[in-house]
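These features come from Swiss-Prot:
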{"type": "BINDING", "residues": "Asp527, Asp533", "note": "Mg(2+) binding site"}
{"type": "DOMAIN", "residues": "593-652", "note": "domain 'KH'"}
{"type": "DOMAIN", "residues": "664-733", "note": "domain 'S1 motif'"}
Amino acid sequence: MSVVEIEEGVFESTATIDNGSFGTRTIRFETGRLARQAAGAVVAYLDDETMLLSATTASKQPKEHFDFFPLTIDVEERMYAAGRIPGSFFRREGRPSTDAILTCRLIDRPLRPTFISGLRNEIQVVVTVLSLDPKDLYDVLAINAASASTQISGIPFNGPVGGVRVALIDGQWVAFPTVEQLEKAVFDMVVAGRKVGDAGNEDVAIMMVEAEATDKVIELVAGGAGAPTEAVVAEGLEAAKPFIAALCDAQAALAGAAGKETAEYPVFPDYAEDVYYSVASVATDALSEALTIAGKEARDDRTNEIKAEVVERLAEQYAGREKEIGAAYRSLTKKLVRQRILTDHFRIDGRGVTDIRALSAEVAVIPRAHGSALFERGETQIMGVTTLDMVKMAQQIDSLGPETSKRYMHHYNFPPYSTGETGRVGSPKRREIGHGALAERALMPVLPSVEEFPYAIRQVSEALSSNGSTSMGSVCASTLSLLNAGVPLKAPVAGIAMGLVSDDVEVEGGGVERRFVTLTDILGAEDAFGDMDFKCAGTKDFVTALQLDTKLDGIPSQVLAGALAQAKDARITILEVMAEAIDEPDEMSPYAPRITTIKVPVDKIGEVIGPKGKMINSITEETGASISIEDDGTVFVGASNGEAAQAAIDKINAIANPQLPKVGERFLGTVVKTTDFGAFVSLLPGRDGLVHISKLGRGKRINKVEDVAKVGDKLRVEIADIDNRGKISLVLVAEEEAGAATPEAPAPADAATSSS
């Protein structure tokens, strides 16, 4: 991979992505022109019009009192990148959009484990979107830009990291697909990794995967496309590796030409070896026994007791090093948990490696909610709640992404009491936003279209108790809740979290073998102590969403394929339990709005709305219905009961699809305007007639219209004449005839106006 010095001190490297018949994409990395005071700054281009600036900086001094690595990733969306002014009140960018937050997480997950262990200097990576072609998504380019700026910064970093989006389109995995190409994809995933191995024997270690079936997958599969099964997903991961390698090569070449020498940064190990050996000698036996306790609360109580005893016993020997004792104790716990899994194939709570904890599912748990459910898996408990409303309540999105509105909104809440702790409550943290987005993507492929189900849907997942994969529990609870709300899902979806433990294990004869053990339905501790966190959601037939993070330098393809197959077995088991609670959509809640869809001619939309919304507002006030109109003439009418909705529909149809009144027809109309020469009476929505002043006195002369007719009065009238311009002349019906008319025998058009 060659590097070009395009001017003095400005270097550029390029990665070319060849998608065959789908075209070629070019990713360029440039450094030396912008943000020169940052430790490392790189401008990344996707083709010619999408441009990001990534700047990496480090604090001068370490935060010695921190017991974690203080890495911060920020993504700044500038609306000028798309030639737009922000829609906020102050017309400037404010808090990051959901897209920006999710991109921060995409960058953080593969970058964080790539820094050297024990680093305590604050590291900040800021990615700014400077220009964006509407056909492109910027998130994957941001991963590469962040890695490249960090790689040249002189900070100890075991990169570079390459990131690519691959989409399955017409049977081919296409890298860096455009928004238009994604419309034809059945599956798309973001894969990040780095090159490992010696020259000539190199491979790509996959570090992070974020994948989903598209919302058109069922339609495309029905049309002959291949379903995104576990085997297909595994093929996609392999297909991503050459693209990642090319991106890593381009970054490495740039760093070779323009990168700084790696600086010396102080490293703070969690503990010294002497502390670990002392802790191990004191605690191993008691801790090994405690880790066989099945219940989380009892197990935690016992391990905390042992920890307190160890700290007390070693406090004098290691005065002032209590943090090291705690870290060493955690490391010993991790070693014992992993050892038992690898050698005995037993886990902390006594389960085998493929066992799922006890499952339960229940629907209709909240009285007035439109739909609700409770899903439990062991000590993880999730409540799902569904709310239905008019389509106009869809979320409006003001960001750089192609999405401008969102009809299905999935919100995830993780209160501190779910883990028995205290903490801050309020606006969602990045983790909550990420978990909600994952559950949302898992369900999108099975949601009905707006034509099939004309509602905006808000799904809320409440993590009431947590001990392992609340995000996948949210998928299960949401499926149950949506069905309880009457949403006609195309198929039920369930999710499961998988784990992986690997290490060199001594075997008989004195040899050593590398052993991989995949765990089904991991606990929180197994997530923390394992080598992989792998969440997989789907129907009984295919995968709808997948998220993978690993700490290993590569997972053998057969191990990953086995984990996918193991996840499917668990998913089928969970779906069976869910089907016992509810297996088809329930009747809609009496508290949910009834929404009807009708079509009106596009050229009649203005008449239905009326000047300054006068007509549509009057229909809403008279009937109590809620009305929204789309640009294509689709009208959504929602009301708490069918009668109100039908009354509104009748009024809309009378305007948009009118039946012209005829001479001789009688109406009970409402006076809407008075003038010196008569009173205008509303007969049908949008159609008025005039009773001349000479006809208002019933044979008597009157001087002022308001003496006999005021705005709002009801008058029974008959059409006397319709001129060639459509203007209607009315006369009053004789009093004796009006009195003889009964509700059972209304005038011809009375039925359409009786709600006036």
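Glycine is no exception: its Cβ is also placed from the backbone N, Cα and C atoms.
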Among Asp527, Asp533, which are binding-site residues, the residue with the most C-beta atoms within 10 angstroms of its C-beta: Asp533
Per-residue pLDDT averaged over the domain 'KH' (593-652), given as an integer: 87
Number of helical, extended and coil residues in the domain 'KH' (593-652), per DSSP: 32 helix, 16 strand, 12 coil
DSSP-derived class (H/G/I helix, E/B strand, else coil) of Asp527 (Mg(2+) binding site): helix
